[in-house]
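Written below as structure tokens is the structure these notes are about.
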Amino acid sequence: MKVIWVLLVVTAAAYLWLRLFRNRHDWQLAARTGLSAMLLFTALGHFMFTAGMSRMIPDPVPGKVFLVILTGILEIAAAVGLQVKKTRQLTARLLLVFFVLILPANIHAALTHLNLYTAEANGPGPEYLWIRIPEQVFYFAWVYFSAIWRPRSAPAGC
């Protein structure tokens, strides 16, 4: 739940800053700012909790630690790419694919009661999926709204 709070709090702070200091009503920019902050926060976890995150990946998959580090780097790149006008659309679409690809790891972690912070089998179980899967759908919608969808009045590339 820390991740979603980072997303929401940074988005709200960015929106307030835009309104108060830039006189802009730009929910999409605020939402992208929150999303980038969330991605930087989750990327940090890839480097701090590498052992636990590598256990999220099912056994047949080789190079687990490498994949955890690589996906952390990709999350940092996505955080930047969302803020660059020329790369925003592609970054958002790739992020949607990424969110689909990581869902099995989250399911595997829940089914094995993985605590990603300690790499032990004392974490939340399958009931966690009642929260995690809708949360993933929420992130999907957030990416779409903040970086792909354009209001009718907005010019292309905004």
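Every residue gets a Cβ built from N, Cα and C, even glycine.
TrEMBL does not curate its annotations; it predicts them automatically.
Listed as Cβ neighbours of the transmembrane segment (6-22) (distance under 8 Å, sequence separation of 6 or more from its ends, same chain) are residues 29-31, 33-35, 37-38, 41, 139, 142. Annotation source TrEMBL lists transmembrane segment at 6-22 (among others).
Sequence annotations record features per position, and here TrEMBL assigns transmembrane segment to 34-53 (among others).
Per TrEMBL, the feature transmembrane segment maps to 65-82 (among others).
Listed as Cβ neighbours of the transmembrane segment (94-117) (distance under 8 Å, sequence separation of 6 or more from its ends, same chain) are residues 45, 49, 52-53, 55-58, 71, 74, 78, 82, 123-126, 128-129, 132-133, 136, 139-140, 143-144, 147. TrEMBL lists 94-117 (among others) with the feature transmembrane segment.
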